[in-house]
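Database features, via TrEMBL:
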- 741-757: compositional bias 'Polar residues' (COMPBIAS)
- 1100-1119: compositional bias 'Basic and acidic residues' (COMPBIAS)
- 1141-1150: compositional bias 'Basic and acidic residues' (COMPBIAS)
- 1188-1204: compositional bias 'Polar residues' (COMPBIAS)
- 80-168: domain 'Ig-like' (DOMAIN)
- 175-267: domain 'Ig-like' (DOMAIN)
- 284-372: domain 'Ig-like' (DOMAIN)
- 377-464: domain 'Ig-like' (DOMAIN)
- 470-557: domain 'Ig-like' (DOMAIN)
- 561-643: domain 'Ig-like' (DOMAIN)
- 660-755: domain 'Fibronectin type-III' (DOMAIN)
- 760-854: domain 'Fibronectin type-III' (DOMAIN)
- 859-961: domain 'Fibronectin type-III' (DOMAIN)
- 965-1054: domain 'Fibronectin type-III' (DOMAIN)
- 741-761: region 'Disordered' (REGION)
- 1100-1204: region 'Disordered' (REGION)
- 1069-1090: transmembrane segment (TRANSMEM)
Amino acid sequence: VPSGFKQSPLPSEKRFPGAGMTASKKLKYLKFRHSKHLIFLMQKISLHQIRFLRFLEYALKILLKSSLFVVFHNEVSQPPTITQQSPKDYIVDPRENIVIQCEAKGKPPPSFSWTRNGTHFDIDKDAQVTMKPNSGTLVINIMNGGKAEAYEGVYQCTARNERGAAISNNIVVRPSRSPLWTKEKLEPNHVREGDSLVLHCRPPVGLPPPIIFWMDNGELPQSERVSQGLNGDLYFSNVQPEDTREDYICYARFNHTQTIQQKQPISVKVFSSRYSKPVTERQPVLLTPTGSTSTKVELRGNVLLLECIAAGLPTPVIRWIKEGGELPANRTFFENFKKTLKIIDVSEADSGNYKCIARNALGSVHHVISVTVKAAPYWITAPRNLVLSPGEDGTLICRANGNPKPSISWLANGVPIAIAPEDPSRKVDGDTIIFSHVQERSSAVYQCNASNEYGYLLANAFVNVLAEPPRILTPANKLYQVIADSPALLDCAYFGSPKPEIEWFKGVKGSILRGNEYVFHDNGTLEIPVAQKNNAGTYTCVARNKLGKIQNEVQLEIKDPTMIIKQPEYKVIQRYGQVSFECIIKHDSTLLPTVTWLKDNDELFLVGKDNLTIMNVTDKDDGTYTCIVNTTLDSVSASAVLTVVGKNALKLLLLTRPNPPFDLELTGQLERSIDLSWLPGDENNSPITSFVIEFEDALHEPGVWRYQTEVPGSQTTAQLKLSPYVNYSFRVIAVNRIGRSQPSEPSEQYLTKSASPDENPANVQGIGSEPDNLVITWEPLKGFQSNGPGLQYKVSWRQKDVDDEWTSVIVANVSKYIVSGTPTFVPYEVKVQALNDLGYAPEPSEVIGHSGEDLPMVAPGNVQVHVINSTLAKVHWDPVPLKSVRGHLQGYKVYYWKVQSLSRRSRRHVEKKILTFRGNKTFGMLPGLEPYSSYKLNVRVVNGKGEGPASPDKVFKTPEGVPSSPSFLKITNPTLDSLTLEWGSPTHPNGVLTSYTLKFQPSKLNINIFWGSLILKNLNYSTRYKFYFNAQTSVGSGSQITEEAQNTFFLLLSLAMASRQVDIATQGWFIGLMCAVALLILILLIVCFIRRNKGGKYPVKEKEDAHADPEIQPMKEDDGTFGEYSDAEDHKPLKKGSRTPSDRTVKKEDSDDSLVDYGEGVNGQFNEDGSFIGQYSGKKEKEPAEGNESSEAPSPVNAMNSFV
């Protein structure tokens, strides 16, 4: 918009609540009642068409205004101004013509010239280069034989006329490059399953850099396990068999030349664990970046990308934190499965240490990236054009910031100011040029260059010395039409040198306008914040300077607002019925309204009447219907809900929300109060319990309704408290037990008079963001709290406990002010006072703040460690002096880590652990230590900025503890009377192992050896053994591991004994013995049979009991054993009573567990430590057994003499 013109807003969107909706999907039957005639209208129009027509109207108005400015502008001399130029870094397509843009305006029109690489570029001598007519744009013809590489360089354009010369930026022209991949011999990658792998891309260096992506025979899926790094390499945290491929291909896409280059395919072959060692899990290891720390420099405003990719199995999960702070909300994003941290629009506050932590079930690893945010120069105050008249004073200010601080240099008409022609009216003072008593020859274009190592800024600003009488650009007798109680803006666009003074009058001969009911803008516009009917009429704008005076008249008409005096009402209708909505309006007679109906903001019906009838209602007609009334100046709307129900449900809906109140009236207007009255709407069979009153401030928050008060349902008037300088409207909502009604129509507006503020901002704080500043913040007053126009704040501060005066500054309606150059972390008294055009708020209260913190300077001293036990230590330290903290003391951090295990003498990387102790504590407990280990620790003080230096590392050792259980215990090589025990040493010995203890029923052994196996001999094959095994240090015994002889052992015994039976049965002497026994039994049976036939009795049973043959005694039925197994060296064959079946298998029930099975049964004795003593306390008495006696299992002590 040209200078001097006030830009009007686009047509209000609220006129079209259905913005963005689709066209109607179904023709609706619309019925309009007018003079007893039925009119059916089915017309639809796109909302976008309406908006386009209104925008076109608006654009034509702006175009007309701009054309007036152009006509006038062409009559006034003006130095050149660069309006369009190519970017600083200009990469061109080498296949197309190079177009280097340079457009400028000025009066008279400027001429153009170019430099290339700092010297004059004579385009007339190069047939391939032309300059567009009336323009400085160069066209270099590449398509007809030129080579883009020949025109690579730094170009600068100069636009010059009699008033001065403007220059463009240095435009670096470079042709894009998309080189081919260098040929290389790629060996196949043979990888074991579970190992990590990196496939290197190494794309060719292009301009601009290419976009990298990987494919095989299609798009290569990526995951937490497989992903592409920022450098284009493909990383596998662990490879799987399905990663075997012959065609991993890296592609480089050069968007500028629209070409894609391809690397040679890479082959990967994964060897599965079926053909090699089993896959072992591994703790994370970082693939990129390497090491524990790295640095990163990024520029302010750019995107910060940090990356961590780790190998490990299972696949590690990445987590990011910022040490000493939080990741910035709303600007932080995680990409590439959280392997990439992305922070957009970085600033100096984002500098710091960022830690990525890769973790899986086996451990973690971390990497710290120290980020420093530098800044190319950026504007604080760019120089602005000056139009002065002869004899006036002025200044050009050029202020920029950056990191490092940029240097400022000035040029005049493209020449360094030090060698430019002298001008006595000009004085250079750093970033400011001061002009005094300028003359017409002082006209020139000045360039400000702010540069540091990361870039530069160049700005042109002209000084145009003119002597011009006032001119008014607004058309004469322009008509303005506004709605009553709305703002009225009357334009008076002007020009003149010296700058004219503007005055407004009401009427042709009226008095000058002053007072609070008018606002005078710098561009000459007169604003009437709340236009009333009596504001209508003719207004005269007068512009004058020392060279003359001119005036212009405009007309203002005030129109009545459009109102809906009868709104559509909530309806409940049965299916297939008929329903009507009314929307009766009242409007200004000179305005033509249009009525639009919406359904659920989805269908738009453009109609011309105020009644909508829907016939043959169905469930699809259920919804909200909105009536919108538009005029060329305002818009109002009202809605009602249609509920479609069945016949039986109609009775349930008779109790509904009340109808909205109506006929709102304002009376008793005072400066701080007003009376509001209303009439209630229909209760709808549920009594109104209360009325809620809301207000709108059309001056500060138009369209926003806020809660004012609530009164009982029996009350229809209320006295409302008001604030100054608020344009009030009120509405009332009725409430019953069913719900709230629709709001009433707004009341008429009431503008209260202005006053000085009643209150000051809340939540005033003073907190430094840098070591040398103090950031004062507060919650600004809301618009209706300002009490008048021109709301500002007086910010005051002084150093506490120092005899300093208050330093004050008045700032605009903002919420922050930064005080620079403060000492580090000193207390300040801060206060913020509100003021407006009518005066100051009451004196504010003071708050205590602090300037910015810096990192602590001193480490805690006298660090001492007291080891309490093998897993707990207590650390003490002396507090640091509070002055050295240089910030709010938040506490102390203790960093501690395990150096090595004293039992294994092996070193491994262990992540440092951190414990934070809040406040000014001087001791802390370190839990969870590992026994018999060497540790180091240091202590650091922490403030709000971060951590201070670490104290010297303190070494301490933990004493021995009890070991963990042996890593394994297993039974191997079982035989008839022996077996082998094998074990592994404890995973955590926690000290020096002194012995192992082996307990088994019915014996106990203490073994003082360290090899991993032991043979137990002379065991009883009929006894089932359970073994208990643990390790010991000087502190005590560790947890035990158990193992028991399995069925295989007994099966071996049974098979062995069964085989012995087969061998004896084939012996001749055994066959003869069995025949003799059989013959003897036959003779006895014959004799017994003869004697019984003779009637005599022969006590066979008694004699058998008296002369029992031990060879045929049955096996004991109650102990479940295989009978006697003697201590003698020779082993007897199994007796007839054996339960071994003929098929040489052992029955399952014969191996059932019981306490007896593990040793001496219930009669065994125990020491106080729970070990068995049966073998070491002499022979115990044997109880008589039924049938035969079972001897005690032989002790394996003798067999172990060689080990103990």
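Backbone N, Cα and C atoms are what each Cβ position is placed from, and that goes for glycine too.
Keep in mind that TrEMBL annotations are predicted by a computer and have not been checked by a curator.
Here the region 'Disordered' (741-761) has long-range neighbours at 485, 516, 529-530, 563-565, 567, 570, 638-640, 657-662, 664-666, 669, 671-672, 674, 676, 678, 681, 694, 696, 698-699, 705, 722-735, 778-781, 785-789, 791, 793, 832-842, 844, meaning same-chain residues at least 6 beyond its ends whose C-beta is under 8 angstroms from one of its own.
Here the domain 'Fibronectin type-III' (660-755) has a mean pLDDT of 91 out of 100. Summarised by DSSP class, the composition of the compositional bias 'Polar residues' (741-757) is 0 helix, 2 strand, 15 coil. In terms of DSSP secondary structure, the domain 'Ig-like' (284-372) contains 3 helix, 55 strand, 31 coil. A contact links the domain 'Ig-like' (284-372) to the domain 'Ig-like' (175-267), because at least 3 Cβ pairs that are 6 or more residues apart lie under 8 A.
Per DSSP, the secondary structure of the domain 'Fibronectin type-III' (859-961) breaks down as 4 helix, 52 strand, 47 coil. The DSSP breakdown of the domain 'Ig-like' (80-168) into helical (H, G, I), extended (E, B) and coil residues amounts to 7 helix, 46 strand, 36 coil.
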